[in-house]
Every structure is written in C-alpha cells, then in structure tokens.
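Per TrEMBL, the feature transmembrane segment maps to 7-30, 42-62, 140-165, 177-205. Residues annotated as domain 'Palmitoyltransferase DHHC' in TrEMBL: 94-214.
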Amino acid sequence: MTRGCKFSFHVAIVIAAITYIYLSTVFVFIDRWFGLWSSPGMLHTVVFTFLALMCISSYRLAIYTDPGRVPASFVPDIEDATNPIHEIKRKGGDLRYCQKCSHYKPPRAHHCRICNRCVLRMDHHCVWMNNCVGHANYKIFFVFVVYAVTACVYSLVLLLGSITVDSQNDIDDSDRIIHVISGLLLVPLSLALGFFLGWHIYLIVQNKTTIEYHEGVRAMWLAEKGGQLYSHPYDIGVYENLTAILGPTILFWLCPTTGHVGSGLRFQTNLLHSAHGGRG
C-alpha cells in the first residue's frame, strides 16, 4: 500500500546530502585518485552508482510505503483459544483501546501523534522520511540504512585516497573546500548511521521494536523485582526472527521489498502463535 507524501524539510536535506555525496565522490574523489575514465575509475563509478541507486530507491519506497494500518473492523476476541497473547494497558488491565482512533489496538500497534493514527508494529516515527517505520516498511527502512552506511564508508575511503594523491600535487581551492565539506559530512554521518545500523540489527535479532525495547527494560526491572524471569514474548529464535523481518530467502534480504507475506494483522497473528508455540 502506498501513501501520499507531503513536502518535508528533512526529506529535502536527505536528498541534497545523497546528491552532494554522489557528485563529489564520482567527479572529485574517484577522478582525482584514479582518473574517471580509467579502468579502476570506471569500476568504482559503477559500484558507487549502484549503491547510490539502491539508496535512492529504498529511501523512496520507505517514504511512500504505508507502514501498516489497523483495520477499522478489528476487535480482539478474548475467547479465542488460538490467540495466546492479548496486550493490556499498564493501568487498569483493560484491552488496549485508542481513544483518538476510536478502535482497539492489536498487539504491537501504537498510536503515532504525528501521523495521527495507529500503526501496526510501530518502531518509531522518522522525521527524515516524514513517515512512520512500521510493519509494512520496516525492512525497506533497514535496507536503506544498510546501503547508506556502505555508501558513506565507501565514499570516505575514496575521499582519503584522493587526499593522499592531492597532497603530492597542487590542487584547486575549490577541490580543497569540497574535501573539507565532505569530511565534515561523511565522518559523523558514517559513525551515526553505523551505530543506527548496529542498533537495528540487535532489534531484528531479538524481534523487538524500539518501543518494545524501552518497554522491555521496565518490564524486566519489574520482573526481577518480583523474583521472576522476563522474556520477550515475540522472540522466536535468531534465524526465525531474521526471516520474519527480512524474508525467507537470504539472497533477497538486501532487496528493498517487504520481507513478509500477507496482511500486516494476519502476519502478526501468525507470529504470535509461533512465539507461543516455541515457548509451550
């Protein structure tokens, strides 16, 4: 399912950064180090262009893909013996009901005050995409981060190589300015995206969302305080967690497509049953 996208200042910044990094890498770093039309130069250009295209395509899909809507007809069936888990409110113990959307929330769904609706398996609202990251676009978002980290580190290596070559020759002031700006952009961007990628790899392996991680810290503290052992209810094993998010075929894990099959609510229900069965 696709959605409309309103103009966002943060999205414009991301597009401008991708454009600047691509142009400076190809027409300055690669050209100064290898020569743009040499065999190594053309090879690096092809590889970096592929990374840039994957970044752009996955970023566009992450923006325009609806993260997952709660069906208006959804009502939890508390008498259904095949549904092992019903999430309840922290206070009162009632079934989770969204007052703003006026409907019940299925497990792992949360209300986004920015999108003004409930999102299935919501991870967070990303201002850099002007969209929520949820059930339907989480894999696409993750793939974008993978290619963005790879492209930034690759560009940084090419930047260092071109600086080494330029230090032995006279360079224009314009090239020197590009080197400085690119270094100030690529170093913190590579570190931040690298940390972000590591964080989401950890979440995928544990089958958690960012929201569930923070809720789990509190739940673990309460469980330990009561002398009990806490375990995340949706963890079905490392490989199963990976395939649940990235898809069953390893070769397609880095393709910017949804990794799961079927509707969001049906997929979450099946995952609930799998998690319960693995603990039974």
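Cβ coordinates come from backbone N, Cα and C, glycine included.
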Average pLDDT across the domain 'Palmitoyltransferase DHHC' (94-214), rounded to a whole number: 92
Maximum Cβ pairs under 8 Å to the transmembrane segment (42-62) - stretch from the list 7-30, 140-165, 177-205: 140-165
